[in-house]
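Reading through the structure tokens given below for one structure.
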Amino acid sequence: MLPLPSLRRSLLSHAWRGAGLRWKHTSSLKVTNEPILAFSQGSPERDALQKALKDLKGQMEAIPCVVGDEEVWTSDIQYQLSPFNHAHKVAKFCYADKALLNRAIDAALAARKEWDLKPMADRAQVFLKAADMLSGPRRAEVLAKTMVGQGKTVIQAEIDAAAELIDFFRFNAKFAVELEGEQPISVPPSTNHTVYRGLEGFVAAISPFNFTAIGGNLAGAPALMGNVVLWKPSDTAMLASYAVYRILREAGLPPNIIQFVPADGPTFGDTVTSSEHLCGINFTGSVPTFKHLWRQVAQNLDRFRTFPRLAGECGGKNFHFVHSSADVDSVVSGTLRSAFEYGGQKCSACSRLYVPKSLWPQIKGRLLEEHSRIKVGDPAEDFGTFFSAVIDAKAFARIKKWLEHARSSPSLSILAGGQCNESVGYYVEPCIIESKDPQEPIMKEEIFGPVLTVYVYPDDKYRETLQLVDSTTSYGLTGAVFAQDKAIVQEATRMLRNAAGNFYINDKSTGSVVGQQPFGGARASGTNDKPGGPHYILRWTSPQVIKETHKPLGDWRYSYMQ
């Protein structure tokens, strides 16, 4: 990648001619995906991470609201608990009230014009520098805070808070700079030029607990495109989110461009949707919350200066469909990882598995054998842990309720796991359930925990089962088909065309990579704007087309009139 000081010069050249601005796109920004480090015994990255984890042990960080350069504390104090040791308060923070949120809006709006007028390459430099900081000196810090605060293992923190977040910052910068090269044709005696402006107003970014990278991207992508942002981080990802915010500021992000404002959900939603200056909501979270925000925007539509843009990713009930021609080893390995990594707390996690009767004895035996080897525990103390506790008491209670339902339902049988213990942390044993009814609620509703439900279908009913896969739930996020028969793969791909925004063939339903598999789904899963791809940034720009004519216009009358 080019050195940062020369980035702007190498990307764009411009010159003024009269009142018109001419742009010539001279090159593109070359980036690659951030390598995932191994953290093997004795490696520098492992030593650095273990030191960072040791520094966090028993510690609590005080995290204020930040408006501009001012750190603000309110009387509404909250705490973030470590999921695997809820006696450990990892962060103390406060909720912004309505007055502070409105103050943040005003300060952001005052900074908007200058930020929007900065050349794209200058804004990109901020995020490229932040990516370099995350890749190098700040990597261990953000990984450790993600592990301790959100209960991630080493590898899950690495692919999230390091690799994916770095990729978001670098690839978004690449896409944004290259977008400026997308210009309309010019026909003499006129020239045409597109200016990619930020939206008029402020963007509200509402981020989830399960990916540090998503929080950085929800706030960062609109800011890159010239917008000002109010960022409401998740209460249960506060420690890592604040670290990302501080890194952006240290990388050169000016004050008031991203306001860091933890807040109660309803207070934040009510405040931003009642402001005439709201121009967008960038959201990841639950379907009910996104629907509520959408309704609030609709109810206030006459108030806004512009139509707000709503981008949302809302989860899924993701599937693995197995055909009788499938490779069993791939099915077992892919399903265990997809269903149970990070305790099933990924929007893309597999939670329903469809298996042909002919393969079920073999797949069942292998699943149960491998299930017995899964280690659940403290990821900071034991790097051999496969996954840790679920995020908080609310999640624990929700998952436990589903497991109680599984024990009482006549159509469900628990094959393995399902024990729950919240004495130290919010631990749920990975659970495999068999359902005799493909329409059982546990096959339809998102659980967001380490629960996999299997439906065994007759081999000759695979087409009917594919229809079940498509129609059983309201979601459409991710899914996978396992089959070696190419004709079956083609047929399944056609039949499941609308069932998944990210569709996998002989691979697990999780693990999308920025720049390779832009992520998102439709139906109840969201607006499918595909963060991680080149089109996502278009949601956060309002293009202006400028035409300049270089000769006098002449007579107002057309020639045929004379």
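Cβ from N, Cα, C; glycine included.
Small disclaimer: the values here were computed from a predicted structure and weren't measured.
As given in Swiss-Prot:
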- 1-23: transit peptide (TRANSIT)
- Ser43: phosphoserine (MOD_RES)
- Lys51: N6-acetyllysine (MOD_RES)
- Lys92: N6-succinyllysine (MOD_RES)
- Lys129: N6-acetyllysine (MOD_RES)
- Lys129: N6-succinyllysine (MOD_RES)
- Lys174: N6-succinyllysine (MOD_RES)
- Lys174: N6-acetyllysine (MOD_RES)
- Ser207, Lys232, Gly285, Ser286, Val287, Pro288, Thr289, Glu446: NAD(+) binding site (BINDING)
- Glu313: active site, proton acceptor (ACT_SITE)
- Lys317: N6-acetyllysine (MOD_RES)
- Lys394: N6-succinyllysine (MOD_RES)
- Lys461: N6-acetyllysine (MOD_RES)
- Lys508: N6-acetyllysine (MOD_RES)
- Ser512: substrate binding site (BINDING)
- Lys530: N6-acetyllysine (MOD_RES)
*By CA-CA distance, flag whichever of Gly285, Ser286, Val287, Glu446 among the binding-site residues is nearest to Ser43 (phosphoserine).*
Gly285
*Identify which of the recorded positions Glu313, Glu446 has its Cβ surrounded by the largest number of other Cβ atoms within 10 Å, counting every protein chain shown.*
Glu313
*How long is the line from the C-alpha of Thr289 (NAD(+) binding site) to the C-alpha of the residue listed as 'active site, proton acceptor', rounded to the nearest angstrom?*
11
*asked:* Please identify which of Ser43, Ser207, Ser286 has the densest Cβ environment, defined as other Cβ atoms within 10 Å, among these recorded positions.
replied: Ser207
_Which same-chain residues, if any, lie at least 6 apart from Lys174 (N6-succinyllysine) yet have Cβ under 8 Å of it_ = Ser28, Leu29, Lys30, Val31
_Neighbourhood of Lys394 (N6-succinyllysine), C-beta criterion under 8 angstroms, separation at least six_ = none
_Mapped DSSP class for the residue listed as 'active site, proton acceptor', helix or strand or coil_ = strand
*Nonlocal neighbours by CB distance (under 8 Å) for Val287 (NAD(+) binding site), same chain, sequence gap 6 or more*: Cys314, Gly315, Ala524
*Select the most exposed residue of Gly285, Pro288, where exposure means the fewest other Cβ atoms within 10 Å, treating these as the binding-site residues.*
Pro288
*For Lys129 (N6-acetyllysine), the number of other Cβ atoms found within 10 Å of its own Cβ*: 19
_Nearest of the recorded positions to Glu313 (active site, proton acceptor) by CA-CA distance, picking from Lys129, Pro288, Lys461, Lys508, Ser512?_
Pro288
*Reduced to three states, what secondary structure does DSSP give Lys129 (N6-acetyllysine)?*
helix
*asked:* How many Å separate the two farthest-apart Cα atoms among the NAD(+)-binding residues Ser207, Lys232, Gly285, Ser286, Val287, Pro288, Thr289, Glu446?
replied: 24
*Spatially closest candidate among Lys232, Gly285, Ser286, Ser512, the listed binding-site residues, to Lys92 (N6-succinyllysine) (Cα to Cα)*: Lys232
*Which of these modified residues has the least crowded Cβ, counting other Cβ atoms within 10 Å: Lys92, Lys461?*
Lys461
*Pick the one among the recorded positions Lys51, Lys232, Lys317, Lys508 whose Cβ has the fewest other Cβ atoms within 10 Å in this structure.*
Lys51
